[in-house]
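Got a structure for you, written out below as C-alpha cells; questions coming shortly.
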C-alpha cells in the first residue's frame with residue numbers, strides 16, 4: 001500500500017508541474033461538455049400522474065424535439081441548437097450506434113475532382129434513377145446543395161479519401177453519368193475508403209458536442225402528441241428505468257430511419273424498425289410509396305451483410321457459374337454499374353435460368369481478385385475484412401458469393417423539400433403544423449421508385465439541415481409552446497401496459513419471424529399478383545395475431561422484451577402498407593417489378609412521340625405517389641394517390657427532365 005501511495009503522490013506532483021507549464025488559457029479547467037444525456041433531470045422537468053398513478057409522467061418543454069440521432073437526426077438537432085433553439089434529441093440508441101454507421105460506399109456530389117462535372121447532370125441521373133417517380137423540385141434542391149454539403153462535412157473534419165494532389169477522391173458509382181447520360185461514366189462518389197457512413201456519423205456526433213442539445217439517450221419514442229391536427233411533441237419510454245416522458249415542443253422532427261427489418265434477409269440493423277413511420281400511421285397521417293423497397297445487389301450469401309457498390313466502382317465485376325460477366329447482356333453501357341434495381345433483377349434472372357453459383361446454384365459471384373492488392377487494401381479495407389469474417393473469402397484470391405438483399409426504403413413520411421410533413425386533402429398538399437421528417441424515415445421524394453447508390457448519406461445531411469433551416473425561418477427561439485391535454489399520450493401508455501402484461505400464446509420473436517419470412521416470400525425482387533394477394537392475407541392475419549402475443553418480463557427496468565414487442569407493432573404497420581401498396585400498383589417501376597404487369601404505365605407512352613397521344617386520366621396511369629393509411633384497430637389499409645411534382649425550383653436554371661425509356 002505504501003508503494004501505491006508513493007506512486008499516487010508522484011503522479012500528482014507531475015500533473016501539478018505540467019499544469020504550471022500550460023498556457024493560462026488551458027488552466028481554466030476542462031472543456032465544457034455539452035452532450036447532455038440526463039434530459040430527465042433538467043430543472044424544468046415536472047412529474048405528474050395526469051395519465052395514471054401507476055405510470056407517472058415526466059413533462060418537458062423545448063422549442064424543438066428531434067426523434068432519432070443518426071446522420072439526419074444529428075444534423076437537424078445541432079442545426080437547431082446552433083440557431084439558438086432549446087432542442088431535445090430523443091434516441092433509442094447512443095448516437096454512434098445508429099445505422100448510419102453501417103453505410104459504406106460514399107456521398108455523391110458534383111465536385112468535378114476526377115473530371116468535369118455539373119450538379120445538373122447529377123440531377124438528371126437522380127430523376128432517371130427514380131424512374132420518374134421522384135419529385136423534381138426536391139431533387140433539384142438536393143443535387144444543387146450536394147457540393148456545399150460535402151464541403152461542410154470536410155470543414156467539420158470528415159477525413160475523406162484523397163487523390164495524389166490532395167483533392168477529395170471520387171469513385172464511380174451505379175447510375176451516374178456525365179453530360180445528361182451522353183458523356184460516359186461519372187466519378188462523383190466522395191468516400192472515406194469503404195467506411196463512409198462510420199466516418200460521417202462520428203463527424204456529425206463530434207460536431208454536435210459543440211452545442212447545448214439535450215439528448216434523451218436510450219429513450220424509445222412511443223407516439224407523436226397531436227392536438228387539433230398539429231404536432232406538439234412526443235411521448236417516450238425511458239428504457240433504463242421505465243419512466244414515461246412527454247416532451248412538448250413547438251416543432252418535432254422525425255428522423256428514425258427505415259424499416260428494413262420487415263424482411264428476413266436485409267442489410268439493416270436490428271433496430272431499423274420503422275418507429276417514426278409507424279408513429280405517423282398511428283397519428284392518422286399517410287405514409288408514401290412504401291411498396292418501393294430496394295434490394296442491394298451484393299449482400300453476402302447466407303449472411304446478408306452489405307458489400308458496397310464501391311467494389312464495382314473500383315472495378316469489381318459480377319460473374320455467373322460460367323465465369324461470364326453477365327451484366328454486359330443486361331446493361332451494355334453501364335454494365336456492373338447500372339442502377340441497383342436493374343442489377344438485382346439481372347442477378348435474379350441469372351439464378352432462375354440455371355447460371356447461379358454454388359452447389360444449390362442460388363447466388364452469383366463478385367470478383368475482386370483481378371484488382372491490385374494495394375487498391376483493395378487502401379480503397380476497400382473493410383470489405384476485405386467483412387468477406388473473410390462472413391464468407392471465409394480472401395478477396396485477393398477468390399470471389400465473394402453474393403445475393404440481392406433488402407437494403408433501403410424509398411418510401412416513408414411524405415414531405416416537401418423543406419422537410420415539412422404533408423397530408424393530402426381534396427387533391428391538395430397541406431403542411432402538418434409543427435411536424436418535420438428527414439432521412440430514410442422521410443419521402444421527399446428524391447429517390448422515387450429507386451435510389452441511386454451514394455445518394456442516401458447526402459440525403460441525410462441536406463434534409464437534416466433543411467429541417468433546421470425551415471424551423472429557423474418560421475419560428476424564433478423561446479416562442480410559446482402550444483399546450484397539450486392533461487391526459488395526452490394516454491393511449492400510448494395503455495398500449496404499453498397491455499403489452500407489458502400480454503399473456504397470449506405467441507412469442508414476439510415467433511411472430512416477428514413469421515412476418516419477415518412472409519414479406520421475403522411474397523414481396524421480393526420480382527412480384528406477381530397472386531403471390532402479393534396471398535401475402536396481403538398472411539400479413540393481415542399476422543397483424544391480427546398481435547393480440548395473442550405473450551411477453552415474459554413484467555418489469556420496467558431495461559425491459560428489452562417490451563421494447564422488441566413495441567418494435568414489432570411498428571414493423572407490422574410498415575409491412576401492411578408495403579405489401580398492400582405493392583399489390584395495388586399494377587405496373588413495373590424502379591424497384592417494384594411485377595411479372596404480370598411488366599410495363600411502366602405513364603400518362604403517355606414515352607416510347608413514342610407524345611404528339612397526337614391523348615393523356616391518360618390520373619386514375620388510369622401509375623406515375624403517381626401511393627398514400628397509405630391503416631386503421632390501427634383492425635389493420636385495414638386504405639390507399640390514395642397524389643401526383644408527382646415535375647417542376648423544378650427554377651426552370652430557367654434547371655429544366656425539368658421529361659419521362660423517357662430508362663436504360664443503362
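Cβ atoms are placed via backbone N, Cα and C, with glycine included.
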Looking at Swiss-Prot, which one out of 165, 275, 503 binds FAD in the same site as 69, 72, 91, 92, 98, 100, 105, 221, 440, 456, 457?
275
Check Swiss-Prot: it lists 340, 407, 451, 454 as binding oxaloacetate. Then name which of 296, 369, 370 it lists for that same site.
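Among 296, 369, 370, only 296 appears alongside 340, 407, 451, 454 as oxaloacetate-binding in Swiss-Prot.
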Calculate the distance in Å between the alpha carbons (Cα) of residue 69 (FAD binding site) and residue 215 (phosphotyrosine), and round it to a whole number.
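The separation of the Cα atoms works out to 9 Å.
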Taking Cα-Cα distance, which of the recorded positions 215, 250, 296, 451, 517, 547 are within 10 Å of residue 105 (FAD binding site)?
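Neighbours among recorded positions: none.
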Could you measure between residue 624 (N6-acetyllysine) and residue 550 (N6-acetyllysine) for me? Cα positions, answer in whole angstrom.
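Per the Cα atoms, residue 624 (N6-acetyllysine) and residue 550 (N6-acetyllysine) stand 41 Å apart.
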By CA distance, which of the recorded positions (98, 182, 407, 451, 485) lies nearest to residue 215 (phosphotyrosine)?
98
By Cβ count within 10 Å, point out the most packed of the modified residues listed: 167, 250, 547.
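Its Cβ has the most other Cβ atoms within 10 Å: 250.
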Fewest other C-beta atoms within 10 angstroms of its own C-beta: which of the recorded positions 182, 451 fits that?
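Among the recorded positions 182, 451, the sparsest Cβ neighbourhood within 10 Å belongs to 182.
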For the binding-site residues listed here (91, 98, 456), tell me which residue's CB has the most neighbouring CB atoms inside 10 Å.
98
Pick out which of the recorded positions 340, 485, 598, 624 has the most other Cβ atoms within 10 Å of its own Cβ.
340
Near residue 275 (FAD binding site), which residues of its own chain have a C-beta under 8 A away, given they sit six or more steps off in sequence?
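The answer is 67, 92, 220, 221, 256, 567, 570.
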